[in-house]
Amino acid sequence: MTTKIVVAYDGSDSAVRALEYAMDQAIKAGASVVVAHVLEWSPYTFLTPEEIEERHARREDELKRAKTSVIDPALEKYAASGVTVTGTVKYGHVAETLARLATQEKADQLVVGRQGQSTLSKRFFGSVPMTLAQTTPIALTIIP
Amino acid sequence: MTHFRLRGALAGLAAIAAAPIQAQTLDQQINDAFASSTGWFVNFIFSPFPGTSFPWIVAWLVVAATVFTLYFGFIQFRAFPHSISLVKGDYSDPDDAGEVSHFQALATALSGTVGLGNIAGVAVAVGIGGPGATFWMILAGLMGMASKFTECTLGVKYRNEYADGTVSGGPMYYMTKAFAERGIPGGKILAVLFSIFCILGALGGGNMFQANQAHAQIANVVGDFPGWITGIIFAVIVFAVIVGGLKSIARVTEKVVPFMGVMYVLVALVILIMNADQIGWAFGQIFSGAFTGLGVAGGLVGALIQGFKRAAFSNEAGVGSAAIAHSAVRTKEPITEGFVSLLEPFIDTVVICTMTALVIIITGQLVSDPNTGLYLLDEGASTIQTVDGNKGVALTSAAFSSSFGWFQYVLALAVILFAFSTMISWSYYGLKAWTFLFGEGRTKELVFKVIFCIFIVIGAAASLGPVIDFSDAAIFAMAVVNIIALYVLMPVVKAELESYLSRLKTGEIKKFH
């Protein structure tokens, strides 16, 4: 029995379809939904002294922007659906962070959209759904 | 706009360069004016103890590093594994992701210190003090780790945090805030003095020395030409970054520099492996030179002074600049930045500087008497004769090129990038000192940035001697003031250390990975 679904959501078309699918499932099963937006971030990049100084302020801005322009509209859209929908914004490696979040939330399904990255960058870095397909700790659904 | 300016400047340069005689005189004029106006300052900082040839400033740094090493119970060795865990992110809360990581803080601070000191400075040290200088340099690097630990912990603990989320920190802030907190007078005076010296250090070692050696390196590859041309090109690019906000250049450099650093060490390692049979002999030279001098000017003391001087100039331990860089990092535990920062002198001096010295020694750049084994001196009897008469960065370049001919081009590129990233870092340190003295504000900041760019031209045009002397003097002057403050405030760091270590033991400070 599904009780909690985590959806990777960045506002893109495929993410919107993923969320629609997750909501569908949630209504049928009476589950709750966590809308997760992950900002790509590596602790091993290089910054200038100025960037270091401004980093904290910029992080607050990014979190605020992600909340108001990505998460809030999604939550509003399904406010009247009767399903408990919560939102969260995280930093980190997208696939790893989603997997960790799913475990922390004790969710039993993870839903991601098949993203529209170019073939070249996929070949070099692998896509989020591909990485998750190999590492997911719980049931994973990839929405085209 | 920038593009247009650059093109105009280059066209102008080409026209002026057509008159080389005039240009040489201009270099000479700048050089003379520079030497005569800074001489007294240099003489004061490097004056020896009466009746000896031992500069008091070198003793000042070494005594401080020794005191901190003993006071914190050889913290640089005890905390070394923990420092590595911190940098790896083992203790970073995933919920804090998106903030500056320990790795990023270390990388940024390192790209401010790893640079010409490691390439040109070491060549100067070995060229004057002989192989023995390397031994004292490594020792100074190991001891300096404790100084760095002390100053960076204080830098984070007493920084200013502003409403917009930005932070300003550094010795001038712990001097004022921590002294006031503990009711000790004189903090304000120290802070003002430190800021003045920091501005001079930014213009000297953080700027003129860099421009000067970058020019030497370029001239070494493409042939001799007037230094002010290099100076103006550098000045225009630095201006575009720090005034024009052309962050893309800075960002590219910050990313390329670490790879250049790694590549430098790798090539040095390959050269050492190729000459593996000589490594034992090289270390023999380093040890016997350290205690006998092997005929260098000033003997044992000469080798020791050169080694200590170059180590301090390269890793900046006790100088206070790293405290400015690290204080911008958000962390709940100030002492973690101290732990991370103690890796800097290790990487900078014990690893990278030693590589340079070994390559110079092993490739046989220094000329010694085959009968006595003592090094032969130049006519002035102050520097050791080298195979091709090279000194400074040209000596390092010759040493590396003797194994790989193409390396001089890579080195030229590395020197330019290192010089550039060090200038960007020091323009930030200098600016922080400037705003501490004069207050924040666009016009005030612009004034400093323009002065900074003018000094690039002066540095590139002046000859090596006066520039190195002034660079050293200004940076060591920062250490004079900073170390007084570190002595006064070291109990604060000890309290932090004990509290942190006990919480680490009880598991209150968690490992996340």
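Cβ atoms are placed via backbone N, Cα and C, with glycine included.
The signal peptide annotation in TrEMBL covers B:1-23.
Counting only same-chain residues 6+ beyond the ends of the transmembrane segment (B:54-74), those with a CB under 8 A from a CB of the stretch are 45-48, 140, 143-144, 146-147, 149-150, 301, 304-305, 308-309, 312, 317-318, 476, 479-480, 483, 486-487, 490, 493-494, 497. Look at TrEMBL and you will find B:54-74 (among others) tagged as transmembrane segment.
Within the chain, the transmembrane segment (B:187-205) has long-range Cβ neighbours (under 8 A, six or more residues past its boundaries) at 170-173, 175-180, 313, 319-321, 324, 426-427, 429-434, 436-437, 448, 451-452, 455, 467, 470-475, 477-478, 480-482, 484-485. Among the features that TrEMBL reports, transmembrane segment is placed at B:187-205 (among others).
Annotated transmembrane segment per TrEMBL: B:225-244 (among others), in sequence order.
Residues or ranges marked as transmembrane segment by TrEMBL: B:256-276 (among others).
Residues 52-55, 58, 128-136, 357-358, 361-362, 368-369, 372-377, 381-384 of the same chain lie 6 or more positions beyond the ends of the transmembrane segment (B:282-305) yet place their CB under 8 Å from a CB of it. Annotated transmembrane segment per TrEMBL: B:282-305 (among others), in sequence order.
Per TrEMBL, the feature transmembrane segment maps to B:346-367 (among others).
Per TrEMBL, transmembrane segment is recorded for B:406-426 (among others). Remote same-chain partners of the transmembrane segment (B:406-426), defined as residues 6 or more beyond its termini with a Cβ less than 8 Å from a stretch Cβ, comprise 108, 111-116, 118-120, 201-202, 205-207, 210-211, 213-214, 217-218, 220-221, 234, 237-238, 241-242, 250, 253-254, 256-257, 260, 263-264, 267, 321, 325, 393, 396-397, 400, 456.
Residues or ranges marked as transmembrane segment in TrEMBL: B:446-468 (among others).
The transmembrane segment annotation in TrEMBL covers B:474-493 (among others).
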